[in-house]
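First up is the structure itself, then whatever we jot down about it.
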Amino acid sequence: MSDTWSHIQAHKKQLDSLRERLQRRRKDPTQLGTEVGSVESGSARSDSPGPAIQSPPQVEVEHPPDPELEKRLLGYLSELSLSLPTDSLTITNQLNTSESPVSHSCIQSLLLKFSAQELIEVRQPSITSSSSSTLVTSVDHTKLWAMIGSAGQSQRTAVKRKADDITHQKRALGSSPSIQAPPSPPRKSSVSLATASISQLTASSGGGGGGADKKGRSNKVQASHLDMEIESLLSQQSTKEQQSKKVSQEILELLNTSSAKEQSIVEKFRSRGRAQVQEFCDYGTKEECVQSGDTPQPCTKLHFRRIINKHTDESLGDCSFLNTCFHMDTCKYVHYEIDSPPEAEGDALGPQAGAAELGLHSTVGDSNVGKLFPSQWICCDIRYLDVSILGKFAVVMADPPWDIHMELPYGTLTDDEMRKLNIPILQDDGFLFLWVTGRAMELGRECLSLWGYDRVDEIIWVKTNQLQRIIRTGRTGHWLNHGKEHCLVGVKGNPQGFNRGLDCDVIVAEVRSTSHKPDEIYGMIERLSPGTRKIELFGRPHNVQPNWITLGNQLDGIHLLDPEVVARFKKRYPDGVISKPKNM
């Protein structure tokens, strides 16, 4: 890259010189005859037997920058303590020493080279400015350090390339003694337009036809090398391309900004009034909170209190299962409970369910978020219930008792029984939330496809213990303890009026009783489809929610309030008993 930059600079200066000569010829036509006459007289004098004094053309040869100087300049620019912006005169004074003098033109040439390589950004002096120094405005330390590391390798590559070029020139010129010429540095002034014009004039004045042909071939070979290097330089990203990329990034930022409608939907579901949750203290107990702080009083966050019984051995540490332990009456490990005053417990009670405005909204996408219909449920065996009497729903959620080959405190369904459930009749357009675990993940995906749903998302429930830490000793899992559960989200038809992008697909919540899913899923579904009819399958008493109809064999009787559903239920089951059909 160093040789390429030097040749391009030399080529640029020679082009400028040729342009000046052409302009002078246009202004003074007699100068052309003078130059031609001087060429003819020179050729006539060369034919005389006496010694002729031939003045060589005064072509300014620019020596390439010293590699050591380039390395020193890279090291100077890569210093983190360098104050920017700085000019080329200041850099020249810093690098100039008595042992190795440095010229201002070399420093400017190297700075322009580094700018072309996108190592630094420079600003050239204006035409009207009296200063001729180049201003360095910013540097890329990462690229500079990479260039310093690869300096040794690049020098070895340059030496090898120079030797290859010399060998190639010798092959192009041939081995005839009459045409031998002293070796010159590769890819220098021989590729310039001035040298090419001089060689053409010499050939036309009677200098040997064979030598001119071979010199022309050599010029073509070297010109091809220069063309390749110029092409590699032109392939770098231009200022216009960089500006276009910057505009694209700004457009992407604008597209990622939420619109006024999205902000309005988020504001609609924002919690009103005081906060309904309290934050736990990171230190656990009040004693540890006081010891870690500078104040004699604990913080206002929620703390835990140790439960120390007669059989408790504090040296054993905390129980792995904490408040989910099955043997708390005899467990020797330490357990915890919430440490809060009695008045705080009374204030923590939320508003009564009866205070909510009641109303049934069966239209998908109803914006009346605050209107809720009372909870309804039916105690039954879902395999035998004719679910067509319940109508259509916008959202269906199911937590099936999968047969996962474990000892569970409830009955399970076989894989075939799960596949035969009449889920498709519950929806024409909407969403299905299906909880799966263990080997049931693949079976759940199969059931989604069988029931006519396309899986579009998957919610992860990360389980935490009573102390709000990730559990490490779960009771599920064969090879690894399971610390999470999955909820597959399927879509059917073309649902309209649902809110997109309000929640993420991760729930972090505390573990409670067996198969007790987090209550956060209900808020997530309500924000997705506010005010619509929803149904939950395989529910238990703690799953009963407003706007939901819950089906399960552990519920308390039958509680229906929707007049249309009540009429269809009485017509289908006059005696109120849901029994197994005779054809099953």
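Glycine is treated like the rest: Cβ placed from N, Cα and C.
Going by Swiss-Prot, these are the annotated features:
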- 1-65: region 'Disordered' (REGION)
- 162-221: region 'Disordered' (REGION)
- 187-204: compositional bias 'Polar residues' (COMPBIAS)
- Asp381, Ile382, Asp399, Lys517, Arg540, Pro541, His542, Asn543, Asn553, Gln554: S-adenosyl-L-methionine binding site (BINDING)
- 400-414: region 'Gate loop 1' (REGION)
- Glu442: site 'Interaction with METTL14' (SITE)
- Arg445: site 'Interaction with METTL14' (SITE)
- 454-458: region 'Interaction with METTL14' (REGION)
- 466-483: region 'Interphase loop' (REGION)
- 468-484: region 'Interaction with METTL14' (REGION)
- 469-482: region 'Positively charged region required for RNA-binding' (REGION)
- 511-519: region 'Gate loop 2' (REGION)
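All features noted in Swiss-Prot, drawn onto the structure.
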residue	record	Cβ within 10 Å
Asp381	S-adenosyl-L-methionine binding site	13
Asp399	S-adenosyl-L-methionine binding site	23
Glu442	site 'Interaction with METTL14'	10
Arg445	site 'Interaction with METTL14'	17
Arg540	S-adenosyl-L-methionine binding site	19
His542	S-adenosyl-L-methionine binding site	13
Asn553	S-adenosyl-L-methionine binding site	16
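Applying DSSP to the region 'Interaction with METTL14' (454-458) sorts its residues as follows: 0 helix, 5 strand, 0 coil. Asp399 (S-adenosyl-L-methionine binding site) carries neither a helix nor a strand DSSP state and counts as coil.
Asp381 (S-adenosyl-L-methionine binding site) falls within neither a helix nor a strand when secondary structure is assigned with DSSP, and so counts as coil. Residues Asp381, Ile382, Asp399, Lys517, Arg540, Pro541, His542, Asn543, Asn553, Gln554 are listed as the S-adenosyl-L-methionine binders, and the farthest two of them sit 21 Å apart at their Cα atoms. For Asn553 (S-adenosyl-L-methionine binding site) paired with Arg445 (site 'Interaction with METTL14'), the C-alpha to C-alpha distance reads 25 Å. When pLDDT is averaged over the region 'Gate loop 1' (400-414), the result is 71. Across the structure, Arg540 (S-adenosyl-L-methionine binding site) and Arg445 (site 'Interaction with METTL14') are spaced 24 Å apart at their Cα atoms.
For the pair formed by His542 (S-adenosyl-L-methionine binding site) and Arg445 (site 'Interaction with METTL14'), distance between Cα atoms is given as 27 Å, rounded to the nearest Å. DSSP classifies Arg445 (site 'Interaction with METTL14') as helix under the three-state reduction.
According to its DSSP assignment, His542 (S-adenosyl-L-methionine binding site) is helical.
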